[in-house]
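Per Swiss-Prot, the features are as follows:
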- 37, 58, 145: Zn(2+) 1 binding site (BINDING)
- 89, 92, 95, 103: Zn(2+) 2 binding site (BINDING)
């Protein structure tokens, strides 16, 4: 079967791979779609360590074609996800308190184990979340990581209906954060970016205000918008240093800043302001299986509509080049 494999020179090679036989608790999935995430770019570039030889992909959707004898949670024909949180231990303090993404023994698809950019994938059956029948599978691929990540981040922000939430970076993650916050949580949205096309897209999605941080002072604009109060919360999907600092600068006292993007640079935080204004900066890592089920359901109810563009597996290196240039709006999804 064909698979997108990380090479030593930080490229991706389309190679033939042979899968082993299933072990107890596993299922074999025929991949239909796999979204391309910025984390895949980090993995390819060895930003988190050298994983030469691994098959990329953690936004996979496909149908079960085989199950091990002991599997009861899945059956042949089920449409399921292959997500970043591939498997956790199920026994530690995190797994037993609804925080399984923080498990110290967690396995991650497309990083520590082979992922979904392949024609077939072996999954741990209990961790393959079923996709609602009403949800388009190509759209579901985007929800599997980008969707659940931003849905969880918006939940972590504690934003309430009618409050102001700022979303920094309106790419594959940011556009979904905007939709979950607006259409599910009932928040008012300010979209921040330096790309006018992405900001126009944010306006189409229902953003109450858009701010090009390159052309104007985002702090001054927010103060005008909120009668000098500041935003109630921000979610940062950008991977650049400047927007993260701006996300702290635009919030009010007692607000929460949620970090989602994974910048390579170290951040500069104004600690005195955090202390004096009681501002919380928290990280939010993808989502649990329950978060993913909820994220899928909201998408199936058309409250969230991922913008996807279908591509071929052979185009994966081109997609990464476009990603590095910042020219992608929405999500690139590989169709198998």
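Using the three backbone atoms N, Cα and C, a Cβ is placed for every residue, glycine included.
Between the CA atoms of residue 92 (Zn(2+) 2 binding site) and residue 145 (Zn(2+) 1 binding site) there is a gap of 23 Å, rounded to the nearest whole number. A straight line from the CA of residue 58 (Zn(2+) 1 binding site) to the CA of residue 103 (Zn(2+) 2 binding site) spans 18 Å. In terms of C-alpha distance, the listed binding-site residues 89, 95, 103 place 103 closest to residue 37 (Zn(2+) 1 binding site). Excluding 37, 58, 145 themselves, the residues of that chain whose CB lies within 8 A of the CB mean position for the Zn(2+) 1 site are, in sequence, 35, 39, 40, 57, 59, 83, 84, 109, 110, 144, 146, 149, 286. Cα-Cα distance from residue 95 (Zn(2+) 2 binding site) to residue 145 (Zn(2+) 1 binding site): 19 Å (rounded to the nearest whole number). Cα separation, residue 89 (Zn(2+) 2 binding site) to residue 145 (Zn(2+) 1 binding site), rounded: 20 Å.
Here the C-alpha separation of residue 103 (Zn(2+) 2 binding site) and residue 145 (Zn(2+) 1 binding site) works out to 18 Å. Highlighted in sequence order, 88, 90, 91, 93, 94, 96, 100, 104, 105, 106 have their Cβ within 8 Å of the centre of the Cβ atoms of 89, 92, 95, 103, the residues recorded for Zn(2+) 2, and are not part of that set.
Neighbour density around each Cβ, counted as other Cβ atoms within 10 Å, peaks among the binding-site residues 89, 92, 103, 145 at 145.
Here the binding-site residues are 37, 95; the one with the fewest Cβ atoms within 10 Å of its Cβ is 95.
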